[in-house]
Structures are given as C-alpha cells and as structure tokens.
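Report on one structure; see the data block that follows.
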Amino acid sequence: MGKKSKSQKEAPATESAGSLPFLGGNVSVDPSLASLFEQSAGPVKVPEVPRLGAAPKTKITDVEKDEEESSSAGNDSASEDQFMEDAPESPDAAEEAVQAVPEPPSRKRKRAAGEDLEESYMRRLAKEEQKEQKKRRAERSSSLEEESEDGEKESPQSEDGESEDEGADIPKHEALAGAANDDDELSKSNRTVFLGNVSTKAITSKSAKKELMKHLSSFLSTLPESTGPHKIDSIRFRSTAFASGGKIPKRAAFAKQEIHDDTTPSTNAYAVYSTAQAAKKAPAALNGTVVLDRHLRVDNVAHPAKVDHKRCVFVGNLDFIDNETGTEEGEKKKKNRPPADVEEGLWRTFNAHTKASQSGPAGRGNVESVRVVRDRSTRVGKGFAYVQFYDQNCVEEALLLNDKRFPPLLPRKLRVVRAKKVAKKSVETTGAPKGSDRTLQGRAGKLLGRSSEARLKAAAKKSISQSSLVFEGNRATADGSSRIRVRTKSRGSKAKKDSRSKKRAAAYKAAGGKKAKIGK
C-alpha cells in the first residue's frame, strides 16, 4: 500500500511539470525578467500614529542593544530583522508621520497663539494704575513747588523709580487724632472771622456771592506783602432758614437752594483767610459796612469782641417772623404790607437816632453789633435782641426810642431798656489761670466741640506732678555752703532754768526721798 501511494503522489508532479514548460530544467530564463522578482519590498506597513503625550521613539542605545543581544542569543536572525524593521529609523520619520495624520476640526472660537484674557486684563489694569501714579506725582510736585518758599526741590526718587513721600501723613480717625486735630482747629480759628446779617442772596445768586467775596477782600491791599499772600481761602454759610423745616438734611436743602426768606432774609457765615493778620484786621475794616443792602457784622472767632453791658440795650416786642402773611382760621386777612426785617431795621433805626457822638468809624454809625436771639433749628426769632454801641452815651439816646414804631422794618412798638449784666459761672481751676488759658475759656466748646472742651478742662485741672517731673534743689552760693538752716535738738543750752519740775526734784532729794511741799 505504501509503494502504491508513493507512486500515486509522484505521478501528478510529473504531469504538472509537463503541463508547465517554464518549470522544467531545460527551459531558458530571461535574466531581465528574473531580476524583477529577486528583490521584494516586503509586506505593506500600516503607519502608526503615536499619542500626543508620548515622546517619539528614538534609536536603541548601545547598552540596550548589548542586553538584547545577550538575552536573545538563540533567536533566529529573521526575528531580529523583523524587530528592527518595526522600529522607526529616526525621530524625523516619526514627526513626519504625526504631521501626515490630519487633526479633527475644533469647535472652539479661534484665538491668536498664546492669547490669555486674564493676563491681558491684568496688564491693562497695571498700566492704568501706573498712569494714575504718574499723574498724582506730577500734581504733588507742582503743588509743592508753588507752596515752598525756600525753593526746596522734590525728594530724590528711589532705586525703583518711584518717589516716596516720607512726610505724608497717615490718615487717622478723628477720635484717634485727638490733640492734633485740636491744634489744627485752633490755628484755623485764628484765621476765621464771623459774618452776621449776611443777605441770603449770596447763597442763591452767584453774582451776589462774588460781590460779597470782593467786599471781604477789599482791605487786603493795605496789608504788607512781606507777611504772605493775603486772600480768602473759603467761606461757609451757617444758621440759614430752610423751607424744608428740618425734614431733609441741611446740606440737601442748601444744594437745592430752598431758602425760607419769610422767616428771615439774613444768615450767618464764616470766612477763612490765608493769614492770621488778615483775620485780625477784618473786624476793624469791615464791621458796620453795607454790602448787598445790609449792614455787615464782622468779628474775630479766636478773639471775639468784648460784650459790655454798659454799652448795650435790650430791645423787646420784636416780630418772630419777618413776613407774617399767614392767618389762622376765622381771622380776617390782613392788608398786604411790606415784610419786616428785624436785624437790618435795628441797625438802621439806632444808627439814625444816635447822632450825638460819632465815636464809631467814620460813615458807619454808632452801632457796633446787633444780636437777634433765634431758635437754633428753625431760625424763628424769640422776640428780643441786644444792640451794642461804640460809646456809652449812645445808650441814653437809645432809651428815648421806647414805645415807638418804625415801619416797615419794625412795625411793632419797641421795648428798649438797659441791658443787665449776666453772671457767668466761674471755671474751676487749681491756680490762677494763665493768659493762654483765658483765651480758651468760654470758647473751647464753640471752636472744638464738647469732647475737645472736656479734654482741655481736664488738662487744666492737672497738677504739676501729674504733667511733668519736678526737680527740687538749692541755689548755688559763692562759698559753697548751704543757706538752709537745719534746727537740731539741744538738750542743755535751751533747757528751761527755774522750772517747776526742777524745784520738785530738789525738794525730794532734800527730804531724803520723801515727798515734801515745794516752796514757793
């Protein structure tokens, strides 16, 4: 069976060789055609796309090659060739393969390379802050150059190129500032003057305010220029009657110019000059002058004029409101009459009827000041006032105006009497007050407020031992001896000679230790 099967297998082979003539050994082969099949390109390689995070494959180092050769010494050469063909020949080939694969399109908004919104926004803020700092430095340097009298230059810049103001004050709360704010207010009060009977037109009209400011600075040209530039720094209005009646803040009513002229057409103001000398000269130069059709009362805030009751008169039965046009229910409507003006009426009336002695400044009359007492919040008058003259003799002429009317400014009958002296409470002090302390008595509360007034009073009550150390000693002498005499106890020299105890002791000894009567 074996031989038969072998012969059967060899038979088809010979048949196939006979059927294909080019497989026979005797057939000639074309060398050009055979050369095409000698070399083979091998199987088709599928390009591998490496991951983005993975590093490209590099050539195997010599150490790795030695390890692989030692471990795979018995492997076939075909497997080694296959391993080397799988690895990329160079990193450039891997990069080309990555670039060849197209990336899927992104749906995100296209931005420029390296664009970061947060960083750009922060850079913009930093640039704006630098511009503001440069602007502040320029303004600060210009103000320092204008105000500096000695011509001192601005402090040199630091290494970083930023100028540092060492003298800049750190802002503090007013409660922590304490005495520093008090000193500033006191220095400011020396440059401030009080203005009374100012027309309310200065609040509502810019031209009227400009006229008032021009009048207040009219005397500044007479002051010496060596003492500094004299001008008005600021002016503020106080004690103004507003139409709101206290329902809205005073600042809001002032901004809206809701002035209630029916109560009173006058107000008070405070003008701050640039120098203390200008503030001292202002009362003598401006008091009693007429501006905006009203007599102006000017007084120094730091050193007000003395109130002398011997030169004052008390005026009663005055109008509470200047324009009393309103009527109650059931009353007949009064005839239309011009509105009264209490404060200006007192100035004009008493100046016109006191011509006996012209003791005041030329052309200003004899009235020094008029003080109408009003409510603090509503500015409604309380029906009385005080008029002070320059000369005491004017009081006698003013008393003749009792029970008289002077319409339209003073439509009611006046009650004119001598002013009485008001006894003031004495300030409790440990010793005689100094001149500097007397200047603040009675004015500390008005200038600095209640808290600062209490602080000053507490400081005045302190003894010397609480405020400072006291060193006591002796005054030096030429011979170096001390002038202080110390009394020492002397037993024999200053003892009494014929004393009663001495006589009793002598009698006791003479009696032999027994009691005996002492001879007289």
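A Cβ is built for glycine as well, from the same backbone N, Cα and C atoms used for every other residue.
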In Swiss-Prot, which of 1-29, 204-232, 407-435, 436-464 is tagged region 'Disordered'?
1-29
Could you check which of 325-373, 472-520 is flagged in Swiss-Prot as region 'Disordered'?
472-520
Within the domain 'RRM 1' (191-303), count helix residues (DSSP H, G, I), strand residues (E, B) and coil residues, in that order.
39 helix, 33 strand, 41 coil
For a three-state summary based on DSSP, what are the helix, strand and coil counts in the compositional bias 'Basic and acidic residues' (120-132)?
13 helix, 0 strand, 0 coil
On the domain 'RRM 1' (191-303), the mean of the pLDDT values is 92
